[in-house]
Amino acid sequence: MQNTGRRQSSFLKRIDFIGNYDSIDLSKIAIAAIILLFLIFNMSIPLNGIGDDSILFSGPLLKDFNGNFLAFLGSRYSHWSSRVIIEFFTLLSVQHNFFWRIINTLSLTAMSVIPVYLFNFKKKPALLMISTSLVLMIPISMFSETGWIATTTNYSWVLSAFLGFLIIVLKRDHTASLAAWLLSIILVAYAGNLEQMCVVLIIVIPIIACYFYGRRWWLLTPHYLIVLGNLALIYLCKGNKLRFTKEVSNRFPDFTSLTLFRKLEMGYSSSLKAVFFDDHILFLVLALVLFFALSRSSSVTTIFIGSVPLISFFMFNLFSGIFHTKIKIIDIVLGSFGKYGTNFKLLHPATWIPDFVMFFIAVCILVALIYILKPEPIKLFSVLIMLSLAFITKLILGFSPTIWASGDRTGIFLFYALGVASLAVLGKHNASKPLQGAILSLGAFCYLGWI
């Protein structure tokens, strides 16, 4: 009997080992498939120097500076931009396209894979594919608007660098190798060179140091000093001041006369309008995920809150052309946006409607997330902080004369955060197979659209 028991125990351990091995192997296969997916895509992109890739970088580098990186970057810092770390890699990419194709493949892979491991989801293989689908739903203009290389090195690579920093410093027991720790410092230097992300890192690093490191907070001191160095680089940059003056003159002549409130409202309304009223598929997916997660609740109020984002998508996006004559609020909201944000006037309450509608939708999303994720407070806190900081990166553009000239690309952090919020809910609630299949199918169609 004892021998039989030992054999059964050995057999069960073997089965358990095989099960774990298969699970790990499936995750590796999923990651390999994601890398291959993005490699095929990046290899298919024609890098023919369109947009800023040629106009601002490869052309001037060769014609005016004889290929001298340092001279070019010194001139840019003096006359236009403080993003010298980022632009070093932009120059490297416009001269060596294969380098860009490889790093951009890794960047997109990081955007797809890292959230699944940061949140330590179960069923990783399925969620890896869903996460990739959500990344593919980000509008392609956010990667290519001013030329593939110029746009990605300034935005999606910055986002990937930030994610890379997080996955290293949030490793359990803080046991990252010295090489990984040095890499995290390099990633922070790169990410913090973008003004928006510098603000994010100034807030995030102390939170991580206090909440996750406690008495060992000093381990993140080098990272914070790097970020403060980037802040000084941005603040002291003569080129930033010259560019601000030129942009005001060329793009927004009365910008300096706007009040603080008007700039805040302009940043607020432009940010939420882009998410709620511009027919973006990521908002639809988040709305569907929240609706299905709360649809089984016994509380009518909870079901209502979970329904608001989905109803708003139908009202203000999908069916706005059909119902705008019957539902007056559709025209009131969609017709209120202009150069100065909405037509909000403090003494005219009727003009508050568009801002209130956006605020109401946003609050319903946050309350729904709180209701769904409250059993996991760390995950909930992370999602709320992520959404808040992503919103801030868009909001602060209200203080820039290029708020409209910047186009879609500045919204990549906010749209990515919407995708991660959807992923967090899907990871918490075992989503129905039809919903998972729908998300994967949408991701596949978006991939075909990218190619």
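Placement of Cβ uses the backbone N, Cα and C atoms for every residue, glycine included.
Predicted automatically and left uncurated, TrEMBL annotations should be read as such.
According to TrEMBL:
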TRANSMEM  29-47  transmembrane segment
TRANSMEM  98-119  transmembrane segment
TRANSMEM  126-143  transmembrane segment
TRANSMEM  149-169  transmembrane segment
TRANSMEM  181-214  transmembrane segment
TRANSMEM  220-237  transmembrane segment
TRANSMEM  272-294  transmembrane segment
TRANSMEM  300-319  transmembrane segment
TRANSMEM  352-372  transmembrane segment
TRANSMEM  378-399  transmembrane segment
TRANSMEM  411-428  transmembrane segment
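Each of 126-143, 272-294, 378-399 was scored by its Cβ pairs under 8 Å to the transmembrane segment (149-169), and the highest score goes to 126-143. Among residues of the same chain six or more beyond the transmembrane segment (126-143), those with a C-beta under 8 A of the stretch's C-beta atoms are 27, 30-31, 33-34, 37, 108, 111-113, 115-116, 151-152, 155-156, 280-282, 285, 407-409, 411-412, 415-416, 419-420, 422-423, 426-427, 436, 439-440, 442-444, 446-447, 449-450. Where the transmembrane segment (29-47) meets the stretches 98-119, 272-294, 300-319, 378-399, the count of C-beta pairs under 8 angstroms peaks at 98-119. When each of 98-119, 272-294, 352-372 is checked for Cβ pairs under 8 Å to the transmembrane segment (300-319), 272-294 comes out on top. Packing against the transmembrane segment (352-372) from elsewhere in the chain are residues 265, 268-269, 272-273, 276, 286, 290, 293-294, 302, 305-306, 308-309, 312, 329, 332-333, 336-337, 342, 344, 380, 383-384, 387, 421, 424-425, 428-429: each is 6 or more residues past its ends and has a CB under 8 Å from a CB in it.
Cβ atoms under 8 Å from those of the transmembrane segment (220-237) belong to residues 77, 81-82, 84-85, 165, 169, 184-185, 188-189, 192-193, 195, 198, 201-202, 205-206, 208-209, 213 of the same chain, restricted to positions at least 6 beyond its ends.
Between the transmembrane segment (181-214) and the stretches 98-119, 272-294, 378-399, 411-428, Cβ pairs under 8 Å are most numerous for 378-399. Against the transmembrane segment (272-294), stretch 411-428 shows more Cβ pairs under 8 Å than any other of 98-119, 378-399, 411-428. Beyond the ends of the transmembrane segment (411-428), by six or more residues, the same chain brings 111, 115-116, 119, 121-123, 127, 130-131, 134-135, 137-139, 142-143, 155-156, 159, 196-197, 200, 271, 274-275, 280, 282-283, 285-286, 289-290, 293, 365, 369, 372-373, 375-376, 379, 382-383, 386-387, 389-391, 393-394, 436, 439 to within a C-beta distance below 8 angstroms of the stretch.
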